[in-house]
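Chemist: Let me begin by handing over the structure; questions about it come next.
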Amino acid sequence: MIENRPWLTFASHATLLVGIGLVALPVWMALVASTHPASAFGVGHIPLWFGDAGVETWGTVLFEEAGNGVDTPVWFMMLNSLIMALGITFGKIVISLLSAYAIVFFRFPFRNLCFWIIFMTLMLPVEVRIVPTYEVVANLDLLNSYTGLTLPLIASATATFLFRQCFLSIPGELVEAARIDGAGPWRFFFDILLPLSRTNIAALFVILFIYGWNQYLWPLLITTDDAYYTLVMSIKRMLSVTDGDIAWNQIMATTLLAMLPPVAVVIGMQKLFVKGLVDSEK
Amino acid sequence: MTDVILEKVGKTYPNGYHAIPSVDLTIEEGEFIVLVGPSGCGKSTLLRMVAGLESISTGELRIRGERMNEKEPAERDIAMVFQNYALYPHMSVYDNMAYGLKNRGMPKDQIAEKVSDVAQMLGLTELLQRKPRQLSGGQRQRVAMGRAMVRDPKVFLFDEPLSNLDAKLRVQMRVEIRQLQRKLGTTTLYVTHDQVEAMTLADRLVVLNKGKAEQIGTPMDLYNKPATPFVAAFIGSPSMNLINANLTEQGIKISDALTLPLSHQHRGSIVWGIRPEHLEVSDERNADFALRIQAVESLGAETLIHGKIETASGDGEPLVVRLSGPHLPDVNSLMWLMAPAQHWHLFDEKTQQRL
């Protein structure tokens, strides 16, 4: 990889450019489409350059109700999405940190069994257990609430596993040094364990935030009140109009908006994310 | 004043493994005790039991007269230096040293004062804001010691603290540890497998073998009067020549052809020992026996000669001789040796005790 071969450099760059083009094209098309009037799509050809309705469309999307049967403005749905995504992310991180802490550092009977039971829940994502979960949430009167949106998604076997591996790599002597230094379980957790798993937390934050933000099925099921609609599910709602034209331009603008927060999180935390996946500072 | 007392302290692991049957040890205040032994002899386990990191299965541990068996490590007023230093990687040198004091609720200005005192003593003042990964091995070692010293504990515990350092630094730190301990006058328990370290540091040595204290005494006691062949072989480098022999009326019968005259009331199988440095080169007339030379190691200041005691059949016992200065005898030649009787060590083969 160190040798200098011009054609190799050219070929690899060309491959990368084609790849970028393929990935970016739909985004580009969405951006372009949001600047044409809604009727432009009905004609049958897809425009590849900006139209003249951009200001109007974006103005509508940003400041008025989203339309097409969704009576809340986009920014409000973004707020809902954000609350749900952050709730899920923080909930997952806190719970899996605590469970991994218990599994790795405390000796109690059936410790390993506990871990494997947690691990087995990997086989039971929301989609599989959706009916019983819905029933539980409904019985608890949590439909149409933020708690209902986040709580059932909060347990995470993946994150527990990741933190377990991270904690296992912490040398035993460090734990003993802390014991001699008079750090109790909580002190040890906050003063030593948390700072040492900082990069892992950051990496998980990125993954889990995107997971939470992109939740579709669950919010669709348990929210019937406009006040709790999330952005991703609303895009689908905006599509299902019984009569009249689908406002493709508005949908595209909304889609772009829905992409922004995950992109921002990835870009903002890129460094920590890579660090968390690649090295361990220990 | 006695500081630390181990009374019949033993350790049995839950799986039934008997790591330490029973150890008795009384440590005076300010004493530097070194626990030494081959790997797996239980020396680290014993240290960790004193630290409170391992539970004590039987017996009692007392520090300043107070029973410690059930106390948490933090309540025992001890400080420990680990082999890999175990510094908190995300904390600065200052925070590493201050952490224990902070947990004890000491006021901030007092902590700052203590840390800067110790940092000055160890030459760490310039490094206080660095992270452990920015330090060299020797500096980390120093921080680990600083972390222990800053607490001003009753007992220092060292678990092979120098084994991760290179040879030159090890010698330097060894001297430094000794000086610091003298200056602070803190009772110290030090674990090592390196007998040179053990000999140079210790006020008293405890030689452990399979969880048992083979002998406890000053380094010179152990060198001059080892209680068992194990101690004899362990202390001193190169280790003592130990040869199975028979004690008869004529003396020590090493082989059919070789008997060293000695009048002793003991009879039967014994282990005869002599240190390599106590064998002397002589001429054929005065010599006790001849050595067939097999290998020569010249170290400049001294020469180690490996060979076998010359017998008719050629299957004599292997022996090492240590001569001062450079010597270059031919391999396979004969060397006449004298073994002065005042340097002999005799052990009963059955009881493994000194005669």
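Numbering starts at 1 and runs along the chain as it is shown here.
A Cβ is built for glycine as well, from the same backbone N, Cα and C atoms used for every other residue.
Please treat TrEMBL annotations as automatic predictions, because they have not gone through curation.
Not measured: the values here are computed from a predicted model.
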Chemist: Select from A:58-79, A:146-167 the stretch of residues annotated by TrEMBL as transmembrane segment.
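Modeler: Result: A:146-167 is the stretch TrEMBL calls transmembrane segment.
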Chemist: Do the transmembrane segment (A:7-31) and the transmembrane segment (A:246-267) share at least 3 Cβ pairs under 8 Å, sequence separation 6 or more?
Modeler: yes
Chemist: In terms of Cβ proximity under 8 Å, which residues at least six beyond the ends of the transmembrane segment (A:188-211) contact it?
Modeler: 85-86, 88-89, 92-93, 97, 101, 105, 156, 159, 162-163, 166-167, 170, 174-175, 178-179, 261-262, 265-266, 269, 272-273, 275-277, 279-282
